[in-house]
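Pulled from TrEMBL, these are the features on record:
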type	residues	note
TRANSMEM	29-46	transmembrane segment
TRANSMEM	58-80	transmembrane segment
TRANSMEM	87-104	transmembrane segment
TRANSMEM	116-138	transmembrane segment
TRANSMEM	190-210	transmembrane segment
TRANSMEM	246-267	transmembrane segment
TRANSMEM	273-296	transmembrane segment
TRANSMEM	308-331	transmembrane segment
TRANSMEM	343-370	transmembrane segment
TRANSMEM	406-425	transmembrane segment
Amino acid sequence: MDFRDDEEAPLVTGEGRKVRPGKSYTRDVHILSISFLLIFLAYGAAQNLETTVNKDLGTISLGILYVSFMFCSMVASLVVRLMGSKNALVLGTTGYWLFVAANLKPSWFTMVPASLYLGFTASIIWVGQGTYLTSIARRHAKDHDVHEGSVIGVFNGEFWAMFACHQLFGNLITLALLKDGKEGSTSGTTLLMLVFLFSMTLGTILMFFIRKIDGEEGKEHVGSSVGVVDTLASLPRMIITPLLDIRMLLIVPLLAYSGLQQAFVWAEFTKEVVTPAIGVSGVGGAMAVYGALDAICSMTAGRFTSGLSSITFIVSGGAVAQASVFLWLLLGYRQTSGVLGTAYPLIMAALLGIGDGILNTQISALLALLFKHDTEGAFAQLKVWQSAAIAIVFFLSPYISLQAMLIVMLAMVCFSLLSFLFLALKVEKVFTRDE
């Protein structure tokens with residue numbers, strides 16, 4: 001297998017090289033990033049509260065959501081190819097709006113249908129996001145004669161840094177509006193959800209202003225019944241083919257772990273660590289710290305991304321940060337009162353945020369660099385494995401202890417890192433041998 005085209009190249013152009021004028025796509029990165037921020041500051045904060053405010057209904061709803069997400073991700077690349085990435089992004093926002101609206105009157109009859117529909121729209125918005133961002137990064141690099149890997153790193157760094165801010169801003173809003181009541185109850189939920197719906201509406205409107213990628217809608221013949229039938233017939237191949245690539249098989253554990261660590265924060269960390277220490281209203285503060293460090297590390301990691309070697313180094317650092325939290329909780333953490341009782345969950349949230357920011361930017365850059373000829377398929381695999389891992393955590397959360405979950409997390413972070421390091425070594429050897 002030839003990895004030459006997927007490895008590193010010099011980051012900067014030579015001083016004497018003439019740069020061709022071309023269209024700048026930074027405007028679209030800004031709009032896309034702000035739109036996701038407005039949508040996910042609402043959804044992310046609402047999701048953080050599901051297991052604490054809606055109890056078992058919230059936990060099961062999230063489990064249903066991510067099972068739907070997993071199965072829909074298998075066909076998401078097809079939907080994005082048929083619709084185009086911009087149209088997929090716009091349609092994808094509707095599921096998030098409906099899910100938050102269902103939280104105004106949470107019941108099995110509102111939350112379950114909303115969760116199922118969100119699973120579908122989430123699959124296409126995320127495959128659309130990965131495809132769109134990668135496509136404009138490649139076009140920007142080509143038009144301005146700069147190294148593709150560095151542009152992908154910078155664009156992903158900006159997007160994921162802005163996206164990570166949703167945890168900061170969304171949870172600060174939660175902290176301001178949600179109050180602890182008597183006997184574990186909370187007040188201010190309705191006002192909070194209305195504010196979130198307003199934010200999501202603005203984000204959806206903003207999504208209309210990103211530019212379509214020239215020629216993208218010509219990739220599949222949407223108006224031709226023959227073209228649609230042929231595409232549907234090729235669906236099993238589109239799902240299975242990426243898994244026949246040894247590179248994808250070695251990345252899959254890391255993709256699954258990225259979902260596990262996010263679900264651990266949403267389902268276990270907020271419920272079992274933060275809430276007992278600083279209350280339900282304190283979840284917003286802890287997740288704001290998580291989001292702030294997530295954003296900082298997303299931007300920083302994106303700026304330092306140039307190719308597989310840099311990605312390997314950065315991912316290793318993120319894995320160590322999160323593993324330290326799991327070990328701390330498993331071996332040494334005891335709930336205390338006073339300043340330390342508040343500080344400990346915030347420190348853990350910061351370390352978990354560092355790891356998440358690194359994984360988000362580096363996995364996106366890795367897939368963009370290694371799978372140039374099937375971007376939609378690669379990002380669909382990312383969401384299949386992420387959502388499957390997240391669904392497992394939400395369904396198992398009511399039935400297993402925090403200690404058991406921590407052991408699973410430690411085992412998975414070690415296995416995924418070893419698998420990824422083997423991939424990096426394999427690619428580097430092939431590249432060196434070809435030289």
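One is the number of the first residue shown, and numbering goes on along the chain from there.
Each Cβ is built from the backbone N, Cα and C atoms, and glycine gets one as well.
Whatever TrEMBL says is automated annotation, not expert-curated.
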Under an 8 Å Cβ to Cβ limit, what residues of the same chain, 6 or more beyond the ends of the transmembrane segment (190-210), are close to it?
28, 31-32, 34-39, 41-43, 45-46, 86, 89-90, 93-94, 96-97, 100-101, 103-104, 132, 170, 173-174, 177-178
Stretch among 116-138, 273-296, 406-425 sharing the most Cβ pairs under 8 Å with the transmembrane segment (343-370):
273-296
Going along the chain, which residues at least six beyond the ends of the transmembrane segment (308-331) come within the CB cut-off of under 8 Å?
6-8, 254, 261, 273, 297, 301, 348, 351-352, 354-359, 362, 365-366, 369-370, 402-403, 406-407, 409-410, 413-414, 416-417, 420-421, 424, 427-428
Restricting to CB pairs under 8 Å, which listed stretch, 58-80, 87-104, 116-138, 246-267, 406-425, is in contact most with the transmembrane segment (29-46)?
87-104
Under 8 angstroms, Cβ to Cβ: which one of 87-104, 116-138, 246-267, 406-425 has the largest number of such pairs with the transmembrane segment (58-80)?
116-138
Within-chain partners of the transmembrane segment (406-425) [C-beta distance under 8 Å, separation at least 6 from its ends]:
247, 250-254, 256-257, 260-261, 264, 308-309, 311-312, 315-316, 319, 322-323, 326-327, 329-330
List, by number or range, the same-chain residues at least 6 past the transmembrane segment (87-104) whose CB is under 8 A from its CB atoms?
32, 35, 39-40, 42-43, 46, 54, 65, 79-80, 110-111, 113-115, 117-122, 124-129, 132, 189-190, 193-194, 196-197, 200-201, 203-204, 207-208, 210
